[in-house]
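Per TrEMBL, these features apply:
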| type | residues | note |
| --- | --- | --- |
| DOMAIN | 5-346 | domain 'YjeF C-terminal' |
| BINDING | G145, N198, L199, N200, E201, F202, R203, R204, D268 | (6S)-NADPHX binding site |
| BINDING | K239, G240, P241, V242, D243 | ATP binding site |
Amino acid sequence: MSDEIRSEVRRIVPALTDDRYKGQSGKIAVLGGCAEYTGAPYFAAFAALAVGADLSHVFCSTSAAPVIKQYSPDLLVHPYFMQTADLLQHMRASPPAGGSMGDAAAAQQDAAAAQAAAAAAHVAEATAEVEGWFNRLDCLVVGPGLGRDPLLLDIARAVILRARAAKIPLVLDGDGLFLVAREPDLVAGYTNCVLTPNLNEFRRLASTLGVSLHGPNNDRSSKLVEVTAHLRGPTLVSKGPVDAICDGKVTMICNASGGAKRCGSQGDILAGTIATFIAWTLAFLDSARQSAEEVVILPEINPMVLASYGACLVTRTAAAYAFASRKRAMVASDMLAQLGSAMEMLFDTAGGGAGGGAGTGAATGGGQGQGIMQAHTAAGSGGGGS
């Protein structure tokens, strides 16, 4: 079955041909990055480019932007967000006219009200800035390096809701998962969404949803199905010694060899890679629906599941290559450098050896026209629920 799934993934990886234009191979964005954490959004955004996306954006705090820009000139970095400390400094620099002349308690209430109003105004402004890019994005990753600053969390929450309303595919990782564990309804029922919890993040999410991880039937797969069933739509990628991918109906296991070194930011790299594969999968489905050729497919693999499997396979392979070269010295940057080699080995994208993607025929590279995606091209949605 794994060879069959890999063949399906190969079909959705866009071929490298001379007639493609900028943006056709994917336009990805990452919402994350604060004063404390600048590496995570960089790794997620650059991973998207390293596996083959054309454009990658980072929406981040004003303090994080100059650092992320220095990491790479290839990323489009947008410093739209203030953190709470920035907001308070801005308010001190521009105090409101007048003010309460009463006691200290009244003055504190006035200050708190003014801060709440300023925060709400900034959340609205920052959310509108990100929303203005929605029609130029194929997928949005929320969470890498976001941190726990209340103002940034409020902005991320608002952007998730706007993205969902606009049917933008989402990948939630890191502190994006903290938001979901706190408020599962943010993504409940939304099928165009992938969550990527590690073990601790999965425990937190399961606890919020009332899924016990103790007692009988405590195997990982059954608990993954339970959590996914409670969410009624999103696909979960449960990261661990093997990656378990589940949408509540189908569970796939990616057990390809990875590196024995578990360095930081591997999950960020996976999040950016998943976003790119989602963009390719949905572009392939859209191309198939517009094609005059009939696409014959094996039933019922959710496009989010297929995209996640492909991304897990590439990320694990890149980790194995990096570890083989660097051993104990392996770091996340070594994985970034191996993503292109992993793509070539797995899917042979150079010179048109891969499958469709946007702008190519739906049956290209399809292995006698057979594939797992027929039900989804026929449905006309590509997994787009709201």
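Here the Cβ of each residue, glycine as well, is placed from N, Cα and C on the backbone.
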*Provide the number of Cβ atoms within 10 Å of the Cβ of P241 (ATP binding site), excluding the reference atom itself.*
8
_I'd like to know which of the binding-site residues G145, R203, D268 sit within 10 A of K239 (ATP binding site) at the Cα level._
none
*Candidates R203, K239: member of the binding-site residues with the richest Cβ shell (10 Å)*: K239
*In sequence order, which residues at least six apart in the same chain have a CB under 8 Å from the CB of G145 ((6S)-NADPHX binding site)?*
G32, G33, C34, Y37, T38, G39, A40, P41, C60, A64, G174, D175, D268
*What mean pLDDT score does the domain 'YjeF C-terminal' (5-346) have in the model?*
92
*If you measure from the Cα of G240 (ATP binding site), which of the binding-site residues L199, E201, R203 is the nearest?*
L199
_Among L199, V242, which are binding-site residues, the residue with the most C-beta atoms within 10 angstroms of its C-beta_ = V242
*Relative to the mean position of the Cβ atoms of K239, G240, P241, V242, D243, the recorded ATP site, which additional same-chain residues have Cβ within 8 Å?*
S238, A244, C254, N255
*In Å, rounded, how far does the Cα of L199 ((6S)-NADPHX binding site) sit from the Cα of P241 (ATP binding site)?*
10
*Cβ distance under 8 Å to D243 (ATP binding site), same chain, sequence separation 6 or more: which residues?*
V237, I253, C254, N255, C312, R316
*Rounded to a whole number, how many Å is the Cα of P241 (ATP binding site) away from the Cα of E201 ((6S)-NADPHX binding site)?*
15
_Roughly how many Å lie between the Cα atoms of R203 ((6S)-NADPHX binding site) and V242 (ATP binding site), rounded to a whole value?_
17
*Which of E201, D268, all binding-site residues, has a Cβ with the fewest other Cβ atoms inside 10 Å*: E201
